[in-house]
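Each remark here refers to the structure printed beneath this line.
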Amino acid sequence: LLAGCASSDDAATANAAKLDELSNQVSQLSQDVQSLQSDVQKSGDAAMAAQEEAARANERIDNIAQSYTK
C-alpha cells in the first residue's frame, strides 16, 4: 500500500509540475500577444500619421502647381 501511495504522490507531483509549466507558458504567450498587439497599434498609428503627412504634402504640391497656372 505504501508503494502505491508513493507512486500516486509522485504522479501528482509530476502532474503539478507539468501544470505549472503549462501555466507559465500560457502567461508568456499572453505577454507576447499583448506585446504584438501594442506593436500593431503603434504601426497603425505610424501609418495613419504618414498618410496624413502625405495628404498635406500633396496639398502643398497642388497649391504650388495652381500658382503656376494662374
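A Cβ is built for glycine as well, from the same backbone N, Cα and C atoms used for every other residue.
Residues or ranges marked as S-diacylglycerol cysteine by TrEMBL: Cys5. If you look up TrEMBL, you'll see Cys5 marked as N-palmitoyl cysteine. The domain 'Lipoprotein leucine-zipper' annotation in TrEMBL covers 18-70. For 33-70, the entry in TrEMBL reads region 'Disordered'. What TrEMBL records for 33-52 is compositional bias 'Low complexity'. Annotation comment: TrEMBL describes 53-62 as compositional bias 'Basic and acidic residues'. What TrEMBL records for Lys70 is N6-murein peptidoglycan lysine.
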Report task. For the compositional bias 'Basic and acidic residues' (53-62), give the DSSP counts of helix residues, strand residues and coil residues. Result -> 10 helix, 0 strand, 0 coil
**Report entry** pLDDT averaged over the residues of the domain 'Lipoprotein leucine-zipper' (18-70)
**Finding:** 95
